[in-house]
Structure formats: C-alpha cells, structure tokens
Amino acid sequence: MDVGSKEVLIENPPDYSAAPQGRFGLPCFPSSLKRLLIIVVVIVLVVVVIVGALLMGLHMSQKHTEMVLEMSLGGPEAQQRLALQERAGTTATFSIGSTGIVVYDYQRLLIAYKPAPGTCCYIMKMAPENIPSLEALTRKFQNFQVKPAVSTSKLGQEEGHNAGSASPGDLDFLGTTVSTLCGEVPLYYI
C-alpha cells in the first residue's frame, strides 16, 4: 500500500457503522417485503383477538345457560332433583320439594307418584309418544288427592288379586325402582 493512502485512512477512517435500517430493523428484507410481513402480522393479531373474544363470549353464554338451568331446577318453590338410574338409564326420579316423589319408568312405561306423607302410591301407564311433563303430573296427582270421591282401585284388586295378600314377589312387574318406592304402602292404579 502506498504511504499516502495510509495517511488518508488514518485521518479519515472509514465508517464501519451499520447502515440505517428503518424503525423495526428487519435485516436482509426489501422494504416491500417488510411492509407485507408487518401487514400479515397485524392481520394475524386481529384474527387472534376476534377468535379469543368469540370463544370468551361462547364460554360466558354456556355458563349463563348452565346457571339458568341450575336455578330453574333448584328453585325454592319446586325443588326438583333428577337422578338417572345407572344401569340402563330407563328410569328418572324427581323429588318435588316437600310434596312427593315421581318416578318415570321408561322401560315399563309406568309413572309412580308417592305423596310426602307416604301413605299410598299412585301408578299410571304412560304412552311413549305422549309422556306428560312433571308439572302436569304434579297437578294431576294433587287434584286427585283433593278429590277423594274419585273411584280408584287398588292395583292388586284390579289385577284380580287380593290386595291384602300381595307378596313382594307380586310387585316384580313394577320394576326395582317403583317397587322400592311403593313396596310398603298401598298401590292405586289411575
């Protein structure tokens, strides 16, 4: 190298600092590609925020629905608890506050109602295409209790048996759940 060029370099050393790269400092990308990348990142962030808001709204709606269902099933005027039988899921038992217990037996198409004092048990057949609601059944059974003049027959007498001599084996046609509910009290078929 020439001595003169060394002096020039010593007096004015070359600038080894990095070239200005803009605001975000994305190296090795042309400016059009940088803009496109920024736009894509912004769009992805907006989509993530929108999806998050929708999922949060769905979660809140589900919690609200569960809370309304829980409040309607556990209300103070008619406390209703549903317990499905584990085996085949063929019976549903409802405790209606302090008024009594209703059992739907879907396999045998029977509905049993035992009032709270537990003095008797009412049994009726149900049609599979027209299953009465719990509210309609409660009204029907309560109206039935108010009117003692309605002629009813004991289940054993209607079947041609003597009701007083009915053994526990004679109640097998009612099923386990209904037999457990109504086994110790007189049965009336409606």
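Any Cβ shown, glycine's included, is placed from N, Cα and C.
Among C28, C182, the cysteine that Swiss-Prot records as disulfide-bonded to C121 is C182.
Across the structure, C182 (disulfide bond) and C28 (S-palmitoyl cysteine) are spaced 85 Å apart at their Cα atoms. Listed in sequence order, A112, Y113, K114, L181, C182, V185, P186, L187, Y188 are the same-chain residues six or more apart from C121 (disulfide bond) with CB atoms under 8 A from its CB.
Between the recorded positions C28, C182, the minimum number of other C-beta atoms within 10 Å of a residue's C-beta occurs at C28.
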